[in-house]
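Worksheet: one structure, shown below.
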């Protein structure tokens with residue numbers, strides 16, 4: 001018999017039903033569950049696949065550069081970044097005739113194009129690229145890296161080049177390599193690029209390979225470095241009248257601590273960023289020399305963790321046993337990596353708009369909105385993934401004997417207290433926040449807006465004041481004009497910071513009031529509830545009072561049959577599934593808040609947000625309905641416009657989202673009956689019955705249907721909001 005899909009599971013390959021296909025797809029990447037897998041092959045497969053992942057990333061980024069160089073308008077955008085719309089790529093086949101062609105021919109293009117809202121133009125401009133040739137060179141270089149990655153992946157699957165398990169478990173060498181080799185050296189290299197290429201470009205000097213060795217990035221060269229006069233590199237920075245990309249108002253400093261923003265580009269000073277990357281490089285290069293490898297000096301991770309036993313005895317045996325637990329569990333390591341990456345991605349979202357690093361990106365409002373929303377959604381998915389793999393760790397890899405009375409075991413011992421506290425916090429936040437919103441809503445409805453309960457966020461305002469915001473009138477720390485910190489800040493460090501905090505043209509420490517107080521607590525409710533579901537899923541993954549033997553059923557089981565009541569919907573997978581809905585819900589509130597606050601800021605009518613955000617109808621009417629009006633315009637006698645594609649995507653997103661409920665609310669029996677009826681009809685229909693199938697069609701399992709429903713719900717939700725966000729922002733600001 002020929003080998004059938006899936007080859008990695010003979011049990012599944014022999015399944016006579018369509019379950020074979022779905023279960024095969026579902027377990028294709030669960031290497032641990034494959035036939036004849038060994039620990040060594042598991043590690044080697046994952047290692048090789050990382051190179052494939054890198055190849056895809058390099059190919060994708062190469063494609064961005066290539067298409068902009070080929071079909072974009074980078075060179076004309078560089079001449080006038082604030083008024084030329086950046087083109088992502090051409091549209092080959094604009095449907096709906098001449099009106100469509102006219103609607104999408106923009107940005108000085110000859111034919112229909114897509115506008116770029118990703119910020120790549122601003123990024124490339126900031127780092128010193130100026131011509132299409134530069135973009136092509138970058139695309140070719142990334143294509144080369146992609147090919148190298150593919151070759152490396154293939155190579156590490158060959159017998160002679162397969163690393164051993166001991167190599168993968170050498171934690172100290174990996175730490176040193178990642179800290180020094182990846183973070184340290186790459187940060188140092190980036191500092192080099194900024195100093196040698198980007199900063200000269202911002203001052204009108206074009207540095208390329210042909211003159212790299214001739215142009216001194218600083219008039220005194222390396223002299224100050226070797227003589228210890230490092231402060232010379234900070235002297236004579238660009239002036240506040242500097243025109244970016246020209247020598248007008250330019251200085252000679254390369255490593256500064258100016259603080260605040262370049263007045264023209266509204267982005268951080270390039271010389272500050274070079275300084276930042278140099279500091280990061282130094283820290284990581286040192287960190288990457290701290291762990292004991294071949295030379296018998298430095299820290300041993302195992303010794304470090306075993307020594308972490310709090311003397312008071314409150315944490316039992318502390319971190320004893322954790323080294324082997326983490327080092328032998330890929331799921332634990334992945335959980336830690338995802339948790340870190342999730343936090344970082346959300347921090348990127350928060351910092352990209354408040355401290356914009358790229359020239360002129362702060363004035364490209366649609367790009368700002370798109371990047372914030374994009375990074376928050378990515379962060380949400382990564383964070384839920386961290387808990388999912390944490391739960392799989394508890395089911396597949398956790399050993400009670402190895403972790404006796406350490407912090408991990410004590411987490412499990414105290415899980416009732418942890419879960420009930422999260423539950424209490426969620427209930428408190430939910431009822432109080434909803435109570436305030438509903439009360440205010442009713443007061444507005446009955447025509448007595450003065451009876452709203454409006455709470456001023458005084459603690460948050462105090463924190464903003466401590467960082468230098470003076471408008472609230474708190475005389476504290478950096479907002480205290482006669483304090484030592486304030487005076488030092490004027491001269492010694494970051495003199496531009498206090499100006500930036502108190503300017504109204506940027507997004508640093510936006511002025512906040514009762515509407516912010518309420519939505520902050522709504523978001524806190526979402527975060528705590530999502531966390532509650534995820535933490536409960538992981539801590540109850542091995543078992544609970546209701547189902548003590550849960551770990552024997554694996555990560556995702558629907559129920560333990562009809563004989564055990566209450567065992568449905570309590571697998572660790574179900575917790576992940578439910579948490580994703582809450583995660584999407586929470587990020588919805590986060591992005592609504594960010595977008596509405598910024599639209600009113602950019603339009604100069606902040607009072608709209610301040611007055612309408614304190615009650616539910618305000619959010620529904622003045623944010624959602626008002627901003628979606630262009631998208632629900634429908635057919636009109638004026639034909640197409642450049643927002644039509646977003647209007648279509650808005651509709652289509654709703655369709656995909658609603659389709660999710662078909663999978664989420666109806667279950668197997670209904671579909672099984674329908675499938676059997678359709679199969680009967682198929683077999684009796686001329687021509688159609690020439691096509692036969694070997695697998696008996698069966699309905700999706702409960703868990704699979706949930707996954708398909710969740711996927712449609714998520715994709716539709718994000719499509720809908722993306723269309724709304726981009727259309728409502730670009731429709732207002734062009």
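Using N, Cα and C of the backbone, Cβ positions are placed for all residues, glycine too.
Keep in mind that what you see is a predicted model, and the values were worked out from it rather than measured.
Here Swiss-Prot flags 46-69 (among others) as transmembrane segment. Within its own chain, the transmembrane segment (46-69) is flanked in space by residues 31, 87-89, 116, 118, 120-121, 124, 132-133, 135-136, 138-140, 142-143, 145-147, 149-150, 152-154, 156-157, 163, 168, 330, which lie at least six positions past its ends and keep a Cβ under 8 Å from the stretch.
If you look at the transmembrane segment (135-158), the same-chain residues 6 or more away from its ends with a CB under 8 A from one of its CBs are 44, 47-52, 54-56, 58-59, 61-63, 65-66, 68-69, 74, 124, 129. Annotated transmembrane segment per Swiss-Prot: 135-158 (among others), in sequence order.
For 175-199 (among others), the entry in Swiss-Prot reads transmembrane segment, with the evidence type sequence analysis. Sequence-distant contacts of the transmembrane segment (175-199) (same chain, at least 6 residues past either end, Cβ-Cβ under 8 Å): 126-128, 207, 212, 215, 217-218, 254-255, 270-271, 273-274, 277-278, 280-281, 283-285, 287-291, 293, 301.
Feature annotation from Swiss-Prot assigns transmembrane segment to 273-291 (among others); the stated evidence is sequence analysis.
Within the chain, the transmembrane segment (330-353) has long-range Cβ neighbours (under 8 A, six or more residues past its boundaries) at 42-43, 46, 362, 368, 371-376, 378-380, 382-383, 385-387, 389-390, 392-393, 396-397, 507, 594, 598. Annotated transmembrane segment per Swiss-Prot: 330-353 (among others), in sequence order.
Here Swiss-Prot flags 369-395 (among others) as transmembrane segment.
Outside the transmembrane segment (417-439) by six or more residues, the chain places 411, 452-453, 455, 518, 521-522, 524-525, 528-529, 531-532, 535-536, 539-540, 614-616 with a CB less than 8 A from a CB of the stretch. Summarising the annotation, Swiss-Prot assigns transmembrane segment to 417-439 (among others) and lists sequence analysis as the type of evidence.
For 517-535 (among others), the entry in Swiss-Prot reads transmembrane segment. Beyond its flanks by at least six residues, the transmembrane segment (517-535) meets 384, 387, 418-419, 422-423, 425-426, 429-430, 432-433, 436-437, 455-457, 460, 575-576, 578-579, 582-583, 585-586, 589-590, 592-593, 613-614 of its own chain at Cβ-Cβ distances under 8 Å.
Shown in sequence order, 558, 559 are the residues of the chain, 6+ apart in sequence, with a C-beta less than 8 angstroms from the C-beta of residue 568 ([4Fe-4S] cluster binding site). Mapped onto three states, the DSSP output places residue 568 ([4Fe-4S] cluster binding site) in coil. The feature [4Fe-4S] cluster binding site is assigned by Swiss-Prot to 559, 568, with sequence analysis given as support.
Sequence annotations record features per position, and here Swiss-Prot assigns transmembrane segment to 575-596 (among others).
Only residues 6 or more beyond the boundaries of the transmembrane segment (643-665), in the same chain, are considered here, and those with a CB under 8 A from a CB of the stretch are 96, 100, 103-104, 628, 630-633, 700, 705-706, 708-724, 726-727, 730-731. According to Swiss-Prot, the transmembrane segment annotation covers 643-665 (among others), on the basis of sequence analysis.
Annotation comment: Swiss-Prot describes 654 as chlorophyll a B1 binding site. Counting every protein chain shown, the number of other Cβ atoms lying within 10 Å of the Cβ of residue 654 (chlorophyll a B1 binding site) is 15.
In the three-state DSSP classification, residue 670 (chlorophyll a B3 binding site) falls within a helix. Within the same chain, no residue at least 6 positions away from residue 670 (chlorophyll a B3 binding site) has a Cβ under 8 Å from its Cβ. Annotated chlorophyll a B3 binding site per Swiss-Prot: 662, 670, in sequence order.
The Cβ of residue 671 (phylloquinone binding site) lies under 8 Å from the Cβ of 699, 700, 705, each on the same chain and at least six residues away in sequence. What Swiss-Prot lists as phylloquinone binding site is 671, and the listing cites sequence analysis.
Marked as transmembrane segment by Swiss-Prot: 707-727 (among others).
At the 8 Å Cβ threshold, with sequence separation of at least 6, the transmembrane segment (707-727) comes into contact with the transmembrane segment (369-395) through 3 or more pairs. Summary: among the binding-site residues (559, 662), the fewest other C-beta atoms within 10 A of the C-beta are counted at 662. Residue 654 (chlorophyll a B1 binding site) sits 13 Å from residue 662 (chlorophyll a B3 binding site), taking the C-alpha atoms as the reference points. Beyond the ends of the transmembrane segment (369-395), by six or more residues, the same chain brings 117-119, 329, 331-332, 334-336, 338-339, 341-343, 345-346, 348-349, 352-353, 530, 534-535, 537-539, 541-542, 551, 554-555, 572-573, 575-576, 579-580, 583-584, 586-587, 590-591, 594-595, 598, 718, 721-722, 725-726, 729 to within a C-beta distance below 8 angstroms of the stretch.
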